[in-house]
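Below: the structure, in structure tokens.
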Amino acid sequence: MLTMGTALSQQVDANWQTYIMIAVYFLILIVIGFYGYKQATGNLSEYMLGGRSIGPYITALSAGASDMSGWMIMGLPGSVYSTGLSAMWITIGLTLGAYINYFVVAPRLRVYTELAGDAITLPDFFKNRLNDKNNVLKIISGLIIVVFFTLYTHSGFVSGGKLFESAFGLDYHFGLILVAFIVIFYTFFGGYLAVSITDFFQGVIMLIAMVMVPIVAMMNLNGWGTFHDVAAMKPTNLNLFKGLSFIGIISLFSWGLGYFGQPHIIVRFMSIKSHKMLPKARRLGISWMAVGLLGAVAVGLTGIAFVPAYHIKLEDPETLFIVMSQVLFHPLVGGFLLAAILAAIMSTISSQLLVTSSSLTEDFYKLVRGEEKAKTHQKEFVMVGRLSVLAVAIVAIAIAWNPNDTILNLVGNAWAGFGASFSPLVLFALYWKGLTRAGAVSGMVSGALVVIVWIAWIKPLAHINEIFGLYEIIPGFIVSVIVTYVVSKLTKKPGAFVETDLNKVRDIVREK
């Protein structure tokens, strides 16, 4: 019979074994940060974009890891656990959106950003593509990135702090500072190369975790019969069309529209060594995404049977993965699985920090110092980039210090904000010669405004009619497309160089 002292001793030993795995994981990230510092931080393009020298496999997994964040490991399983298989519509929409993104956006963006003044940020590309001499478009799009990504980043820090709090019973603020320190370290010193390599490493960890947990859970339950048990508990658990209205399904599916305008994802396409490597990246990236998301769905479904079988009181569905990893695995393996959650969180934070830093440096500081200074004072601009990483992180930490801050309610809508304001603009910029600066600015701003208005005033009316509960990216995207097209048609046409560049981009992309 175990005494209280013996049980406590075993718990402490288990925690220390888990801590060892987390410490090893952190150490690897620090080493990668040093490697990135030595290899590719000599100029701003190297620091912010890896010198456009990234291979297809790192591109694929870094895009996936920075995209999924802690949502794939905690949010999606929790949603499936709560609502059943109908929550899978978001995975279908995201996978389809990412797949189309590789075909429609990736090749042209890689070629066009280099052709258009070797742009290293999305606002810089918009400026060069539309000959925005007044920098209005660059400043507005840069501000959108800085504001929304600072909020996005703070949500990642909150997730990191809460992970240490819920998994180990440690102080929330200690976990917050620890996660922030590691991410800031390798991003500050190693730049884009370090972020991409760590994302690759973290993507591998995430994939292993999402395959391992549901398989072991089924082995400890009823094998493949676990899904029969889940259906027996509630028939709608395994029905893709039950539990959600048509509006709900369309809303989840429409998340895929956001991919074309997410700066931290499409910057991966800009950094790949050649557009000819993108098919390899696409095959690996979409395979990784499909397996990872299916694994997350499987975690949620097996969790429906797992929780009552092990007599667990699950207060927060989003902690399902944490609970399963602690109950089913040895503490060392459990530490690895908790590292997978950290990997998901930190890969997104680092990508968002770097994109925000690059916008502050390239889109704002360069305006103050001038183009010539940027060419002749590369070391200065790299240092400004590093300091921008630090500054954004400090602001995000300050916001995250109070995890109950109402700003948290806004962060979940950032995907829609970027999707509605940037996705149509990116597509028009890559394909339509008639796009004008006025059309671009009007479309971008109108898309963002519709998202904000929909969230603030329309969605609260969902109890009157479910159409008002439609995901805000849909009306925002539609309005942005219409406004961009109409205003462009009514304003002065761009110069002949645009058609020449578009044709050149098209021809280069078609080269085998």
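Every residue gets a Cβ built from N, Cα and C, even glycine.
Here Swiss-Prot flags 16-36 (among others) as transmembrane segment. Non-local neighbours of the transmembrane segment (16-36) in the same chain are 167-168, 182, 185-195, 197-198, 201, 205, 330-332, 334-336, 338-339, 342-343, 346; each lies 6+ residues outside the stretch with a CB under 8 Å from one of its CB atoms.
Feature annotation from Swiss-Prot assigns transmembrane segment to 54-74 (among others); the stated evidence is sequence analysis.
With a threshold of 8 Å between CB atoms, the same-chain residues lying at least 6 positions outside the transmembrane segment (85-105) that come near it are 67, 76, 79, 236-244, 248-249, 252-260, 265-266, 269, 278, 281-282, 285-286, 289-290, 293-294, 296-297, 300-301, 426-427, 430. Marked as transmembrane segment by Swiss-Prot on the basis of sequence analysis: 85-105 (among others).
Taken from Swiss-Prot, the feature transmembrane segment applies to 139-159 (among others).
The transmembrane segment feature in Swiss-Prot is assigned to 174-194 (among others); the stated evidence is sequence analysis.
Sequence annotations record features per position, and here Swiss-Prot assigns transmembrane segment to 200-220 (among others).
Among the features that Swiss-Prot reports, transmembrane segment is placed at 240-260 (among others).
According to Swiss-Prot, the feature transmembrane segment maps to 286-306 (among others), an assignment based on sequence analysis. Within its own chain, the transmembrane segment (286-306) is flanked in space by residues 60-61, 64, 67-68, 72-73, 76-81, 84-85, 87-88, 91, 94-95, 98-99, 102, 203, 206-207, 209-211, 213-214, 217-218, 220-222, 226-227, 229-230, 233, 237-238, 312, 314, 320-321, 324, which lie at least six positions past its ends and keep a Cβ under 8 Å from the stretch.
What Swiss-Prot records for 327-347 (among others) is transmembrane segment.
With a cut-off of 8 Å between Cβ atoms, the residues of this chain six or more beyond the transmembrane segment (381-401) that come close are 41-44, 47-48, 146, 149-151, 153-158, 161, 173, 176-177, 180, 183-184, 187-189, 191, 353-354, 356-358, 360-361, 365-366, 369, 374, 407. Taken from Swiss-Prot, the feature transmembrane segment applies to 381-401 (among others).
According to Swiss-Prot, the transmembrane segment annotation covers 410-430 (among others). Note on the transmembrane segment (410-430): residues 104-105, 108-109, 112, 122, 125-126, 129-130, 141, 144, 148-149, 151-152, 154-155, 255, 257-263, 266, 439-440, 443-445, 447-448, 450-452, 455, 471-473, 476-477, 479-481, 484-485, 488, 505 of its chain, located 6 or more positions outside it, place their CB under 8 angstroms from a CB of the stretch.
Positions annotated as transmembrane segment by Swiss-Prot, on the basis of sequence analysis: 438-458 (among others).
Listed as Cβ neighbours of the transmembrane segment (139-159) (distance under 8 Å, sequence separation of 6 or more from its ends, same chain) are residues 69-70, 74, 121-123, 126, 176, 179-180, 263-264, 345-346, 348-349, 352-353, 355-356, 359-360, 363-364, 367, 392-393, 395-397, 399-400, 403, 407-408, 410-411, 414, 417-418, 421-422, 441, 444-445, 448. Of the Cβ pairs linking the transmembrane segment (54-74) with the transmembrane segment (438-458) and spaced 6 or more residues apart, fewer than 3 are under 8 Å, so the two regions do not touch. Among 174-194, 200-220, 240-260, 200-220 has the largest number of CB pairs under 8 A with the transmembrane segment (327-347). Sequence-distant neighbours of the transmembrane segment (240-260) (same chain, 6+ residues past either end, Cβ-Cβ under 8 Å): 83-90, 92-98, 100-101, 104-105, 266, 415-416, 418-419, 422-424, 426-427, 466-467, 469-471, 473-474, 477.
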